[in-house]
Amino acid sequence: MDGTETNQRNRAKMEQQKMLDSGGNQSGSKDRVTLKKEIGLLSACAIIIGNIIGSGIFISPKGVLDHAGSVGFSLIVWVLGGGICALGSLCYAELGVTIPKSGGDYSYVTEIFGGLVGFLLLWSAVLIMYPTTLAVIALTFSNYVLQPAFPNCLPPFIATRLLSTACVMFLTWVNCSSVRWGTRIQDIFTVGKLLALVLIIVVGMIQIAKGHYDALEPQTAFEFIKDPSVGQIALAFLQASFAYSGWNFLNYVTEEVVEPRKNLPRAIYISIPLVTLVYTLTNIAYFSSMSPQELLESNAVAVTFGEKLLGVFSWVMPISVALSTFGGINGYLFTSSRLCFSGAREGHLPYLLAMIHLKSCTPIPALLVCCTATIVILCIGDTHNLINYVSFINYLSYGVTIAGLLYYRWKKPKLVRPIKVNLLVPCSYLVFWAVLLGFSLYSEPVVCGMGLVIMLTGVPIYFIGVQWKNKPHWISSAVERVTYLGQRLFYVVFPQDDPSEIQPLTEKSEL
């Protein structure tokens, strides 16, 4: 850190001390303002399940079937997609207890490969990946809420955007107000969305018991609607990966988890198999009442399912989906804001984003940045075309992170690791990852190329914003002034625990 950055941080800490001296600390202590450890095992499972089950299971079945080409192969994609997530989550469990920092992929990659690689991952995530995912989930929420009012057509463009924006802003306010409120909403709506999917599964199983399973019979299920290709299969996995995205989000809030070395892996082991089972059974339920052609023509799969099977109670489905996506928005806001927070602590984002509210101990500036970026994406227009961009960047990030696990094993072989997965696990994941991305690039070079371009635009930003130490005085002065005003406006301070105190586990001593 150069002298200019040190001066900026020192001025911010002087302002922090004034706030503490004024008696603003809710606990009455003038020396402890920290992120609160309020995420137990139940809430940890709710964060993983709640972030995975958002809009994807109600959007992606259409895309998976379209690219897979048949009912049977689309179900195989859903099962294998969950299996790949399980392999990845095992690797993340090892990384999470070995490098016990919040920030997930970004923190691990920065620790292992250095600042530039970590910044590129952070840049793509903050710029496009999480705001776009949040926007897609918010639009799904508003479409399902408004669908009953517009039964014969799509809801108006302006109405969906306004409702989506209001929802994102409300949940941002909730998460700014209290960590406990955010986690409680996540707990409640995770149960709600599981109940909604259980309703679909139960109704579907009843249909199958009545003999309505023509589309699922082997001779019919593997009749291809169109000739499959390896590139199309790769795109089917990318579509499924959008529905499974979020499996690594508990790693973003490691420092707020109670006993993370125990609860982080436990939550992963419980949540991923459960979600895979629910997703597979949900798709089987869809095909118990809908032909492949009906599913491909549907703009709201769950609503079409409800209209066919629930009769006068068909209104239950749009409400259930709305509740599911509402919880998904909350989970993404909660975890993606911690990514901004972690990036700012490392000096890769403005220091203001590394501060938390003096009383509620919530990262208000980081939450507001996530909210603003999502609203900008919502205003751009149709976000559904960005799903393949997001999925490609997601998979690229996962692969780099898990490759980092192997490199870290080689770089620090004596490091104590409470969890140490078999080398076949990361190697199997990386083989699948390389094949998937390779054929995706071959099949959709423009889409995947745009994902790479979005990530690489961070290179000049990194060298100008992070590596360039001797910036002109007027730039440093402006940054200091903005940081000072931000502290006063949002009543935020640096967490008392210095990030440098959060170290990986010690190496084994020689006997």
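Here the Cβ of each residue, glycine as well, is placed from N, Cα and C on the backbone.
Those TrEMBL annotations? Automatic predictions, nothing curated.
Taken from TrEMBL, the feature region 'Disordered' applies to 1-30.
If you look up TrEMBL, you'll see 39-59 (among others) marked as transmembrane segment.
Beyond the ends of the transmembrane segment (71-92), by six or more residues, the same chain brings 61, 64-65, 104, 215-216, 218, 220-222, 224, 228, 233, 236-237, 240-241, 243-244, 247-248, 251, 268, 272-273, 275-277, 279-280, 283-284, 287, 292, 398, 401-402, 405, 421, 425-426, 428-429, 432 to within a C-beta distance below 8 angstroms of the stretch. Taken from TrEMBL, the feature transmembrane segment covers 71-92 (among others).
Feature annotation from TrEMBL assigns transmembrane segment to 113-138 (among others).
For 158-176 (among others), the entry in TrEMBL reads transmembrane segment.
Under the heading transmembrane segment, TrEMBL lists 188-209 (among others).
For 229-247 (among others), the entry in TrEMBL reads transmembrane segment.
Look at TrEMBL and you will find 268-289 (among others) tagged as transmembrane segment. Listed as Cβ neighbours of the transmembrane segment (268-289) (distance under 8 Å, sequence separation of 6 or more from its ends, same chain) are residues 45, 48-49, 52-53, 57, 61, 71, 74-75, 78-79, 81-83, 85-86, 89-90, 92-93, 194, 197-198, 200-201, 203-205, 207-208, 212-213, 215-216, 243-244, 247, 250, 295, 301, 305, 308-309.
Remote same-chain residues near the transmembrane segment (309-335) are listed as 47, 50-51, 53-55, 58, 104, 130, 133-134, 137-138, 140-141, 144-145, 147-148, 167-168, 171-172, 174-175, 182-183, 185-186, 188-190, 192-193, 195-197, 199-200, 203, 207, 246, 249-250, 252-253, 289, 300, 302-303, 367, 370-371 (criterion: CB distance under 8 Å, separation of at least six residues from the stretch ends). If you look up TrEMBL, you'll see 309-335 (among others) marked as transmembrane segment.
The transmembrane segment annotation in TrEMBL covers 356-380 (among others).
TrEMBL lists 386-409 (among others) with the feature transmembrane segment. Residues 59, 63, 88, 91-92, 94-95, 98, 105, 108-109, 112-113, 117, 121, 124-125, 128-129, 132-133, 136, 235, 238-239, 241-242, 245, 248, 415, 423, 426-427, 429-430, 433-434, 436-437, 440, 444, 447-448, 450-452, 454-455 of the same chain, all 6+ positions outside the transmembrane segment (386-409), place their C-beta atoms under 8 angstroms from a C-beta of that stretch.
Within its own chain, the transmembrane segment (421-443) has Cβ neighbours under 8 Å at 84, 87-88, 90-91, 93-94, 229-235, 237-238, 392, 395-396, 398-399, 402-403, 405-406, 409, 449, counting only residues six or more beyond its boundaries. The transmembrane segment feature in TrEMBL is assigned to 421-443 (among others).
If you look up TrEMBL, you'll see 449-468 (among others) marked as transmembrane segment.
Counting Cβ pairs under 8 Å to the transmembrane segment (39-59), the stretch among 113-138, 158-176, 188-209, 229-247, 449-468 with the most such contacts is 229-247. Within the chain, the transmembrane segment (113-138) has long-range Cβ neighbours (under 8 A, six or more residues past its boundaries) at 54-55, 59, 105-107, 164-165, 167-168, 242, 245, 325, 328-329, 332-333, 336, 339-340, 343, 346, 348-349, 369-370, 373-374, 376-378, 383-384, 386-387, 389-390, 393-394, 397, 400, 404, 407, 451, 454-459, 461-462, 466.
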